[in-house]
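As recorded in TrEMBL, the features of this protein are as follows:
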DOMAIN    291-427  domain 'RCK N-terminal'
DOMAIN    712-852  domain 'RCK N-terminal'
REGION    1132-1159  region 'Disordered'
TRANSMEM  64-83  transmembrane segment
TRANSMEM  95-115  transmembrane segment
TRANSMEM  127-148  transmembrane segment
TRANSMEM  154-170  transmembrane segment
TRANSMEM  191-212  transmembrane segment
TRANSMEM  218-237  transmembrane segment
TRANSMEM  249-274  transmembrane segment
Amino acid sequence: MNELESEVLPLPPRYRFRDLLLGDQAFQNDDRVQVEFYVNENTFKERLKLFFIKNQRSSLRIRLFNFSLKLLTCLLYIVRVLLDNPVDFICNYILLYFFQVSVALISFLETMLLIYLSYKGNIWEQIFRISFILEMINTVPFIITIFWSPLRNLFIPVFLNCWLAKYALENMINDLHRAIQRTQSAMFNQVLILICTLLCLVFTGTCGIQHLERAGDNLSLFKSFYFCIVTFSTVGYGDVTPKIWPSQLLVVIMICVALVVLPLQFEELVYLWMERQKSGGNYSRHRAQTEKHVVLCVSSLKIDLLMDFLNEFYAHPRLQDYYVVILCPTEMDIQVRRVLQIPLWSQRVIYLQGSALKDQDLMRAKMDNGEACFILSSRNEADRTAADHQTILRAWAVKDFAPNCPLYVQILKPENKFHVKFADHVVCEEECKYAMLALNCVCPATSTLITLLVHTSRGQEGQESPEQWQRMYGRCSGNEVYHIRMGDSKFFMEYEGKSFTYAAFHAHKKYGVCLIGIRREENKSILLNPGPRHIMTASDTCFYINITKEENSAFIFKQEEKQKKKGFAGRGIYDGPSRLPVHSIIASMVAMDLQNTECRPVNSSKLTLPSENGSGNRRPSIAPVLELADSSSLLPCDLLSDQSEDEMTQSDDEGLTVVEYVKGYPPNSPYIGSSPTLCHLLPVKAPFCCLRLDKGCKHNSYEDAKAYGFKNKLIIVSAETAGNGLYNFIVPLRAYYRSRKELNPIVLLLDNKPENHFLEAICCFPMVYYMEGTIDNLDSLLQCGIIYADNLVVVDKESTMSAEEDYMADAKTIVNVQTMFRLFPSLSIITELTHPSNMRFMQFRAKDSYSLALSKLEKKERENGSNLAFMFRLPFAAGRVFSISMLDTLLYQSFVKDYMITITRLLLGLDTTPGSGYLCAMKITEDDLWIRTYGRLFQKLCSSSAEIPIGIYRTESHMFSTSEVRNIGSQISINVEDCEDTKDVKEHWNIKTSHHRNSCSSDQSEHPLLRRKSMQWARRLSRKGNKHTSKTAEWISQQRLSLYRRSERQELSELVKNRMKHLGLPTTGYEDVANLTASDVMNRVNLGYLQDEMNDHQNTLSYVLINPPPDTRLELNDIVYLIRSDPLAHVANDSHSRKSSCSNKLEPCNPETRDETQL
């Protein structure tokens, strides 16, 4: 410190404040030296070089001046040739000679100056350049004539300056690009150079032949031009020919030059054309200003992704005039190239090879003039996080370049979603995927329902099929979500001032549309089924499901409208919304009376038949839907307390103590941006060691699912890693609106150990466990309790998404799932695939003629241009297989329907809006068939619990074709322990087939739902059974085959039991397929989760009917999709009023509550 102080100079003795401002004079006279930089550029030569060569704008001006001089010399030569007349030559030539000499002198001085400035030590290189030699030939003779007058009559070949003009034009274009950043393509430059080369060859030949023929026939300039054109075009008339050898030699030289130069130019042009075909051209600024276009940014473009986008985008009528500009950094694929050559797409799809991170490529795509930009992630990448990072950078680059262009971004992982919050619409793949797979476990085929809703279709698929279910399924698949302002709607305008449920029911009854939600004008939130307390206003935006939107609909009124106007119908329309009509008051009294007289025990779980004053022969009636909500039925409820049916501290059957759960928001979210959802939570977080299912800890000693004693059956999720998206699988299954009795244990079967931050997020949820293992390991499946599970969800693994051969990424998953179908036939397996086309291999049967027929139907629908050609595949129709690429259309549809992402997230439970309902499902039982039709069910639900049905999941028996009847005999001996003769076999089979028919539906006279074809099939089957006595040899062979198949199943059963014994697991829970009776098999089939493995033939099929017509007949075991209103809102379907009203709730369809077996 002392040394530093000693280095500080003392202040001057008389230091004033003025010295601080002006500075000390002593310091101004110090030894400072001023240094000047780049002094070499101050020399005269450098300044000239900067002006003539280095500076872009001045160099461009010099080259433009040089180009003009060369053209002027060529023009002066033509003038001299035309003025070559001996009479008046002297008077005309003096002025022309003066101009020629002046131009030559300027050109000579400029050339010498440029040689001096570009000299770099090798003077011979400068001298022997072709441009320098031509300059000397064209300028030096004129300078000599100044001093030697006899040479002034000499014709100097100044026409060679055309080549110098071509060279100056090339340099000028290059300087033009540098100076003003003009983005002309290389293709344009090459075409311009080729044209200039052709002109120079023709001009040189014309002037040269005329110049040399002055010693011969003295050809005119026009005849020389005619000769050159005829010669270069290879026509060669021969009427004009050079006569002397110098001109003939010139023709030979010119032809040789043309044969060398022109092929080189054409080769360069073809190469540039091929490169342009690979990289695409430019979307012109004029087109961008006069036409509308969208930009699609992808890292790699596959044919499936392209066709999904184009088919969905151009399915909307108002988008037919839009252009699609594809911006992709990779070269165009061969299949993509072939598709884009089709006239349908070649006129409106433009492919540009480039990067979204380059402003030049964004300028080529005219991103700033685009109507929208779609940025899609590459889901086939091995590292999905890296793919998201690339998507984020592309989104940032587009936002920086074109801040006003709407962005539609697809993100793979949810933790990266907050980086693109600025985008107008964002779809997170893993969020939607896991939420949809979770709902598939409690609402069968939710994935199929959502997929059909977000695809554009006219409902024409399968209409030419002979199968009734295919026609009905295809027709209902055309339903989509639309919106309209209520004041402008013909559907809903008459229900202004009425309740939401009243408008929903009557709109469905009258027009066949399903009203699912609204949006207030002052509030931007969409509410699904806000309940009967919501009163419709003219400013509300209504969201409804229909085949087409109202603007494209024609209204054909029936004569019943006249009766409704007279008041015969109990649901007339009144203009006075402020007062309750008389018929509504009467209906309210009838409804209240029905509620008091229909009381049943509290635990009733079906829609029972109402009593009509003791008369059983009258037609059952349903309470009408009230125009306005009855305040007496709207009882307040405790928002955060459990429902009374869930507050049981003791289990009635087992007497086991049940852990108390609380309702609240999860304290820890694994990523930023997750929507908070009220869930069932543990009072205290579970330790991480207690989350491990297969290992005990100091808190409990359970090591298998049997020891836990779960009441409901398990839901097992097989995934590679515990990604943050897996959190969205748990939340919908633990949401507050699910009864605690319906909560199923969730087991995460993970290939890799989960990280602590993920365990921290899930440790607050009840009955959520994990273990390490894979689905291709039988020990892992048994340890995780697969024999106690009803649902197994197989998630697509990231490591298998990319394969050397396309569509082979799903090979391992498909084979593993097929093995599990054999080992555990009673298990419902929901599989996610990378490629939707591979779903045809799920539950594959090589000799199944019905699957072959469906394959032909799929090809036919694809030829007809359907966007949903895969919809008739049985695994997809039944909701057993799903591919996330099917939801790509959700992002595409949001361009036209900006509300689709919000509605989808509300249906999946990803977002929860106060007052908005949620998706659930209920099953039709035998006691509910008195309702008869879907329209009456709509009325029953709206009047009792204010629930809105949106569709049906139906399972029905499949008819065998004639070729398949021959194989019936192989089904017989599977469940027969000892078959001594064919007679016993026939009797046993007849018993089972009759039981089969009875299990599918009840009495035929009571249920006319059994189709006529099914009856014909049954008669053929009975006739076939009577003829078996005459075919003993055939029966013996079939019995041997069946015994072989039985032995195969016995081997599988013994394998599973042996592994369970080896692991120390009890084998009592494992159901052997060989011990299942036919009735057990069909019961499981009807419940939708067993494909009959006894005969290896598909004998049931399941499918989804979205918004079926009101007169659709209900069938046994139909599962109805419902949008139930928010139980936290003060609506009529709160838990207390639901208990006081007698049995107004259908039995829940989730398979977990169907069979509550204590394990």
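Placed from the backbone N, Cα and C atoms, the Cβ positions cover glycine too.
Source: prediction; values computed, not measured.
Beyond the transmembrane segment (127-148), the same-chain residues lying 6 or more positions past its ends with a Cβ under 8 Å from any Cβ of the stretch are 73, 97, 100-101, 104-105, 107-108, 111, 115, 154, 156-158, 160-161, 163-164, 167. Sequence-remote contacts of a segment are chain residues at least 6 beyond its ends whose Cβ falls under 8 Å from one of its Cβ atoms, and for the transmembrane segment (95-115) they are 48, 52-53, 66, 69-70, 72-73, 76, 79-80, 83, 126, 132, 135, 138-140, 142-143, 145-146, 152, 158. For the transmembrane segment (218-237), the list of distant contacts is 78, 81-82, 201-202, 205-207, 209-210, 251, 255, 258: same-chain residues at least six beyond its ends, Cβ to Cβ under 8 Å.
Helix, strand and coil residue tallies for the domain 'RCK N-terminal' (712-852), in that order: 55 helix, 29 strand, 57 coil [DSSP]. Residues 74, 77-78, 81, 155, 157, 159-160, 162-163, 166, 169-170, 173, 219-221, 224-225, 227-229, 231-232, 242, 244, 246-247, 250-251, 254, 257-258, 261-262, 265-266, 269 of the same chain, all 6+ positions outside the transmembrane segment (191-212), place their C-beta atoms under 8 angstroms from a C-beta of that stretch. When pLDDT values are averaged over the domain 'RCK N-terminal' (712-852), the model yields 85.
Helix first, then strand, then coil: DSSP counts for the domain 'RCK N-terminal' (291-427) stand at 59 helix, 28 strand, 50 coil.
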